[in-house]
Amino acid sequence: MKWVTFLLLLFVSDSAFSRGLFRRDAHKSEIAHRFKDLGEQHFKGLVLIAFSQFLQKCPYEEHVKLVNEVTDFAKTCVADESAENCDKSLHTLFGDKLCAIPTLRDSYGELADCCAKKEPERNECFLKHKDDHPNLPPFVRPDAEAMCTSFQENAVTFMGHYLHEVARRHPYFYAPELLYYAEKYSAIMTECCGEADKAACITPKLDALKEKALASSVNQRLKCSSLQRFGQRAFKAWAVARMSQKFPKADFAEITKLATDLTKLTEECCHGDLLECADDRAELAKYMCENQASISSKLQACCDKPVLKKSHCLSEVENDDLPADLPSLAADFVEDKEVCKNYAEAKDVFLGTFLYEYARRHPDYSVALLLRLAKKYEATLEKCCAEADPSACYGKVLDEFQPLVEEPKNLVKANCELFEKLGEYGFQNALIVRYTQKAPQVSTPTLVEAARNLGKVGSKCCVLPEAQRLPCVEDYISAILNRVCVLHEKTPVSEQVTKCCTGSVVERRPCFSALPVDETYVPKEFKAETFTFHADICSLPEKEKQMKKQAALVELVKHKPKATGPQLRTVLGEFTAFLDKCCKAEDKEACFSEDGPKLVASSQAALA
């Protein structure tokens, strides 16, 4: 590749922020501009999400009042952009609304201290008070008849409650995507409420929607964590790798533009700038659909859809076909005599080009693996370009990638084989033992949640064709481990977890995989009450029964971290038989009272 091309790409990279999407300086009133672009329905939905994500304890009715006030003000500004306060930034307008709430300090304590700050510090302060694990009651879905009655009486209020409940429990949920899920939810209700058996129609559809929405939430949280901890450069590298895999026929200039725009709008949503984010996401979708010829042959079906469905479809579009006869990577990145000169003159562009070329050739790799390879290449050039004979030093760099590639491949193979042998529930239990031994100080509910989510990787990824397994497994696990890290950062208890969570995001999964049993942990004292159960467990749904048993398994491992597999299987087998027997007994509680102490005694003996 000639160096003039690099200079062109450098120009493209530096100028991308000023192209296309980002033209907000031209508008006298930002809020009027966003209202006109988004339309009233989406505007109100986004404002509701924003307030729900910042003020997670407030009831729905209070948020609706704020939303209506902001919407009325926006309409005033649409009518006259020079009206009072219409020229204020959205941060200022939203921050002033939050700070005007009379009960702010009573309800949110230290959050009220943010109001003494000026923008942008005030908004940053609000962001720091978002709670990833708010103290809210579990959301219980009403029965189908009650839901249909509420939906048919007032669909707008019904869907408003949905946005509010999801947003306050997931304060980093990707706002325009949440609007998409609300649309899907509404369509399910419209379809199913006309059916004779409403529950049979609603339950499986909403369960599937919930699963997808939760996956979307953890993926977005990983993106926000990456931006918060490592900044735009790290996220843009992720975006370049992913876009290059999806759109291998697009040139580097096009990929750079898409990655830059995606980085900007993702940062907006992560910073709570939801109106800008949603508007810019729609603009990016428009740009992609207007430039399909230079991006991908797979976009047309998405581009025929309305805005929310279009953006969602584009984010999940299948990878385009690889270009024919791609040249060897070695020519530009190993054999070229000016590798060190090209690297020194524009490091980020040179590395970005390497990442682009490698990623477009490897849709079968995870983004995290591609970034580890780019990091290895960068470290090799840093070392070798300072030596007397650089080319002799970096000549084998592509061969040195092999161990980095083999490690996740072996992980996927071993875990998918284990999943196929044990099934999802058994695989989750194996992960519970593994992760409790690595981090026994972590709370039992967090370990159960993490292991159950990690265990879903089997049914999600191991069923895919071989070429799709690695990216599915590692990128999914990265998102789940980020959830563990976010919760652990709030209340750190394990030095091993802290070590993995504070390092590089792309090294996090290998770090967790390599963690040994924590030898510093002092085993928990055995308490009979931890393993005492009553007849009420028999009436629980199967999922909740599983979680009770898995919590007991965590506690067993915390009591005996070095328990062997056969020991744990013996105890779990006895426990399952005990539950089966007592739940079938005529006098269930008497059975639990009589056989429970025997189970506790035999468990202690088995683990002795």
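Yeah, the Cβs are placed from backbone N, Cα and C, and that goes for glycine too.
The shown structure was predicted, so the numbers you read here are calculated from the model rather than taken from an experiment.
Taken from Swiss-Prot as is:
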BINDING   His27  Cu cation binding site
BINDING   Glu30, Glu268, Asp273, Glu276  Ca(2+) 1 binding site
BINDING   Asp37, Asp279  Ca(2+) 2 binding site
BINDING   His91, His271, Asp273  Zn(2+) binding site
DISULFID  Cys99-Cys115  disulfide bond
DISULFID  Cys114-Cys125  disulfide bond
DISULFID  Cys224-Cys270  disulfide bond
DISULFID  Cys269-Cys277  disulfide bond
DISULFID  Cys289-Cys303  disulfide bond
DISULFID  Cys302-Cys313  disulfide bond
DISULFID  Cys340-Cys385  disulfide bond
DISULFID  Cys384-Cys393  disulfide bond
DISULFID  Cys461-Cys472  disulfide bond
DISULFID  Cys485-Cys501  disulfide bond
DISULFID  Cys500-Cys511  disulfide bond
DISULFID  Cys582-Cys591  disulfide bond
MOD_RES   Thr444  phosphothreonine
MOD_RES   Thr446  phosphothreonine
MOD_RES   Lys460  N6-succinyllysine
MOD_RES   Lys543  N6-succinyllysine
MOD_RES   Thr570  phosphothreonine
MOD_RES   Lys588  N6-succinyllysine
>> Cβ atoms within 10 Å, counted per site: which of Cys99, Cys224, Cys340, Cys591 has the most, among these disulfide-bonded residues?
In response: Cys224
>> What is the set of residues, excluding His91, His271, Asp273, whose C-beta falls within 8 angstroms of the centroid of the C-beta atoms at the Zn(2+) site?
In response: Leu90, Pro120, Asn123, Glu268, Gly272, Glu276
> If you draw a 10 Å sphere around the Cβ of Cys270 (disulfide bond), how many other Cβ atoms fall inside it, taking every protein chain shown into account?
Replying inline: 21
> Could you give the Cα-Cα distance between Lys460 (N6-succinyllysine) and Asp37 (Ca(2+) 2 binding site), in whole Å?
Replying inline: 37
>> Highest Cβ count within 10 Å among the recorded positions His91, Lys460: which residue is it?
In response: His91
> Long-range same-chain neighbours of Cys115 (disulfide bond), Cβ under 8 Å, sequence gap at least 6?
Replying inline: Gly95, Leu98, Cys99, Leu104, Arg122
> Of Cys277, Cys500, Cys582, which disulfide-bonded residues come within 10 Å of Glu268 (Ca(2+) 1 binding site), going by C-alpha to C-alpha distance?
Replying inline: Cys277
> At the Cα level, what's the spacing in Å between Cys500 (disulfide bond) and Cys485 (disulfide bond), rounded?
Replying inline: 8
> His27, Lys588: which of these recorded positions has the sparsest Cβ neighbourhood within 10 Å?
Replying inline: His27
>> Of the binding-site residues Glu30, His271, Asp273, Glu276, Asp279, which one has its Cα closest to the Cα of Cys393 (disulfide bond)?
In response: His271
